[in-house]
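Scroll down for the structure; my scribbles are underneath it.
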Amino acid sequence: MTARNLPPSAFAPVMATGIVSQGLAVVGARRLSDALLTVAVVLYSGLLAGLVWRVLRYPGEVAADLRNPGRLFGFFTFVAGSDVLAVRLAPGPERAAASALPALAVPVAVLLLGCGALMARRLGAGGMVRRADGTWFLCVVGIQSAVLATAALAPGRARPAEALGWVAGVLLYTAVATVVACRLVRFGIRPRELSPPYWITMGACAISLLAGARLVHQGLDTPQLRAVIRVVLIALWGWATCLLPPLLAAGIWRHLLHRVPLGYEPSWWTIVFPTGMYAVSTAALGETEGVHRLVLLGHLTVWVALGAWLLVAAGLVRARWRHRSPRANSSQTSGQEM
């Protein structure tokens, strides 16, 4: 992969690694958490350099991606990856670096939301229904990750801007879910189209839950508002939990019944992130509501997320190794012929 063909969704591994690191920190596995944090920082640094080079060197291609409904929302992985790292770094000595990450990500999020609004106007309702897919939920993840980063860097009382951002994210989730559901009902979906990014449906719900739980934990101005948000949080957790069986069933339908190959693809990271986010948000809701069973469920799910991360990382290493092996063999063959 070169900077020129760096996909918009390239920061998905950073999102996944960052939230699993956060989950491990929550359960007290500090060394594992720090190890994954190091991996996330290295990944982020390399990908950021590649993204900046691509924007400067190939602005026309980046602009084309921003107009493409199938690629635009992938850029929100940069926003979410930056903010998830900021949340993880905020409690430690790297607070200055953590503060710089949302400063990079929030303006990009505003730009992307503007591009999304222009795209919606250009496509119209019918065009949006035809083109919608699971990656569209990344815009919700981007908004709610900014709320989380702001709350982590200013851990006093929740501010109105954070509450408004959270509400906007929840409303946007509802809108995107409606469009995606209309697409599935009206046009159906083929096995190859039912790709891992549909898990972001659950991940966007889980991060909305986590952001809301953080706001409740930090305290809001009125008890009435806190009560309303708590009802919404329970509904979000219920919806995220209800999504798990159909998402797992979709994987069985895709790979076992229709025999779509189960090889590594970068989109597998979009399963790791929702799993980790579900774990952390469930534990946070349990702490907010004083429900120990939810805290325990969240802690157990962290280890499931770590297992998923290890599987996808192993798949990545194996895919890279198999990709390089033919090159090495061909080089040896040509050397012997010479």
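The backbone N, Cα and C atoms fix where each Cβ goes, glycine too.
Copied over from TrEMBL:
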TRANSMEM  35-56  transmembrane segment
TRANSMEM  96-120  transmembrane segment
TRANSMEM  132-154  transmembrane segment
TRANSMEM  166-185  transmembrane segment
TRANSMEM  197-216  transmembrane segment
TRANSMEM  228-256  transmembrane segment
TRANSMEM  268-285  transmembrane segment
TRANSMEM  297-317  transmembrane segment
Checklist entry - For the transmembrane segment (228-256), which stretch among 35-56, 132-154, 166-185, 197-216, 268-285 has the most Cβ pairs under 8 A? => result 197-216
Checklist entry - Sequence gap of 6 or more, Cβ distance under 8 Å, 3 or more pairs: do the transmembrane segment (132-154) and the transmembrane segment (197-216) meet that? => result yes
Next on the checklist: Can you work out which residues elsewhere in the same chain, 6+ from the ends of the transmembrane segment (35-56), have a Cβ less than 8 Å from its Cβ atoms?
Outcome noted: 3-4, 6, 10-11, 13-14, 17-18, 20-21, 24, 62, 78, 81-82, 85, 88-89, 309
Next on the checklist: Given a Cβ distance threshold of under 8 angstroms, which distant residues of the chain, six or more beyond its ends, lie next to the transmembrane segment (96-120)?
Outcome noted: 66-67, 69, 72-73, 75-76, 78-79, 82-83, 85-87, 89-90, 128, 139, 142-143, 145-146, 149-150, 152-153
Checklist outcome for this item: Sequence-distant residues near the transmembrane segment (197-216) by C-beta distance (under 8 Å, 6 or more away from its ends) are 133-135, 137-138, 140-141, 144-145, 147-148, 151-152, 158, 162-163, 166, 169-170, 173, 176-177, 180, 226, 229-230, 232-233, 236-237, 239-240, 243-244, 247, 250, 267, 270-271, 273-275, 277-278, 280-282, 284-285, 287-288
Checklist entry - Taking residues 6+ outside the transmembrane segment (166-185), which of them lie with a CB under 8 Å of any CB in it? => result 128-134, 136-137, 139-140, 143-144, 147, 201, 204-205, 208, 211-212, 215, 232, 236
